[in-house]
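> Got a structure for you, questions after.
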Amino acid sequence: MDRRKTESSAKRQILTALIATVPTFTYGIQIGWLSPMGLLLKSNATPAQAPLSDSDISWMAAALPLAAICGIPFFSYASDRIGRKICVILVSLLSCISWTIKLTVIIPPALIAARVIAGLAAGGCFVVVPVYVKEISEDSLRGALGSLTMTVCKLGVIFVYAVGMAVSYRVNQAVYLAVACVHVIVFCFMPESPNYLLKVGKEKQAASTISWLRGLDKSHKTVTGELLKLKEEQRQFDEMANVTLISVVRDRTTFSALRMTLMLMAMQTLSGCFALMNYAADVFRRTGTEWSPNTLALFVGSLQLAGSFFTTVSIEKFGRKIPLACSSLVVSICMTTLATCFYLGTGVATWLPVTAVCVCILAYGAGLAPVPMVIMAEVFTFQVRARMAGASMAFSFFCSSMTVLFYTPIANQFGTYVVFYIFAAVTLYGVVYTIFFVPETKGKSLEEIQKYWKKTEPVFV
């Protein structure tokens, strides 16, 4: 009987998490959309009145990440005010508006506006969805379900390349619009986060939600135990002053957790993998390998998906530190190999840099990409979780923008090998930082995780 209840509990949590991560699938589509659709919109076969210019495409590319930075503070605030569930629905509603514009008004200003709206949704996507998934998951499933965010995102990228080019422009947009619309409807029937319900004083509803998610009676010790933990968090929070920048800095555990998540985001984005994926065609060209843009994008996305899927099925076995440290080490070795190949020039066998790129992207997908997102959702109390996640994601988007922005100027000025040696050094530092300064959070409650910072002296990073 207990085994059947456990299986039922896991199925409900997995189903709820999968439905909650649909916005990240849509975000993955938005990421990959511009490459195949950009080529079409610039061609003579464009569905627009006239082919779009390179400037139009550049503005469309820049609009999404810039708008995402603006969307993050809004959703960080809103998720604590109106709830996680409504914010997840709002993210999909913004996606619906974006796809509707792309479907009906195919002119540059409208398409740029659609990308801005998609960017606002992206900002909410990585603030609200990881928080919601964490808060509906029990400790034993938290890591696996948390890593779904990045896995589903990569699936969206592959979807837009594998399927997107098979049908017309308008059918493409209609399919993506349908995905977002269906999600809005379905998610209305999903439960609100029990953490948020308790935060706003709805203790009975919080107990009912935990009971449903775990497949247990409200009186079961597991349900009452989880509720007591949440109430203790709430009691401690009520004794604190209003959450401000000063209060965060003064609270040792919160500030230490924030400092660590910012460092993990820096490791993730400054590892160079984001730039490598954006400039993979250029890197392959320098090695003498010529792939079509769509083939290359599909291949790179598949490697990332494979890595992310591995993490999803294994993170509860290996924990957080081992995949993160191993991933950083492999990426560092690959970046060093690439840098050395570019430094030596034409005398290097073509297969070596190509292999290094492939292994690097696979390793990135298996650790550096998903694990920081999982840890970010685990180390904060639910009262500040959304705002701290927002700060971490804003920093991540900023670092990503700087990496892509300065890649070409530095490569042109000092040589491509210099850029990759810098990436190698960053990820090597990431290995050391992970080993010594990142707590293992696998299977631990928030109280157990925070003991790490309460019993050790703060580390300046």
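Placed from the backbone N, Cα and C atoms, the Cβ positions cover glycine too.
All annotation found in TrEMBL is predicted automatically rather than curated by experts.
According to TrEMBL, the record shows the following:
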DOMAIN    16-442  domain 'Major facilitator superfamily (MFS) profile'
TRANSMEM  12-33  transmembrane segment
TRANSMEM  57-75  transmembrane segment
TRANSMEM  87-106  transmembrane segment
TRANSMEM  112-133  transmembrane segment
TRANSMEM  145-167  transmembrane segment
TRANSMEM  173-190  transmembrane segment
TRANSMEM  260-281  transmembrane segment
TRANSMEM  296-315  transmembrane segment
TRANSMEM  322-345  transmembrane segment
TRANSMEM  351-376  transmembrane segment
TRANSMEM  388-408  transmembrane segment
TRANSMEM  414-438  transmembrane segment
> Going along the chain, which residues at least six beyond the ends of the transmembrane segment (388-408) come within the CB cut-off of under 8 Å?
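Tertiary neighbours of the transmembrane segment (388-408) are 65-66, 68-69, 72-73, 75-76, 123, 126-127, 130-131, 248, 254, 257-258, 261-262, 265-266, 268-270, 272, 274-275, 278-279, 376-377, 380, 419.
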> Same-chain Cβ contacts of the transmembrane segment (296-315) under 8 Å, 6 or more residues past its ends?
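Hits for the transmembrane segment (296-315): 32, 35, 143-144, 147-148, 150-151, 154-155, 157-158, 161-162, 277, 280-281, 284, 323, 358, 361-367, 369-371, 374, 442.
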> Run the contact check on the transmembrane segment (12-33) against the transmembrane segment (87-106): 3 or more C-beta pairs under 8 Å, excluding pairs closer than 6 in sequence.
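With 3 or more qualifying Cβ pairs, these stretches touch.
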> I'm checking region-level scores; what's the whole-number mean pLDDT for the domain 'Major facilitator superfamily (MFS) profile' (16-442)?
86
> Looking at the transmembrane segment (414-438) and the transmembrane segment (173-190), are there 3+ C-beta pairs under 8 A, with each pair at least 6 apart in sequence?
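Checked: the transmembrane segment (414-438) vs the transmembrane segment (173-190), no contact.
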> Quickly jot the same-chain residues contacting the transmembrane segment (145-167) by Cβ under 8 Å, restricted to those at least six beyond its ends, or write none.
13-14, 17-18, 21-22, 24-33, 35-37, 126, 129-130, 133-134, 137, 175, 294, 297-298, 301-302, 304-305, 308-309, 311-312, 315, 365, 369-371, 373-374, 377-378
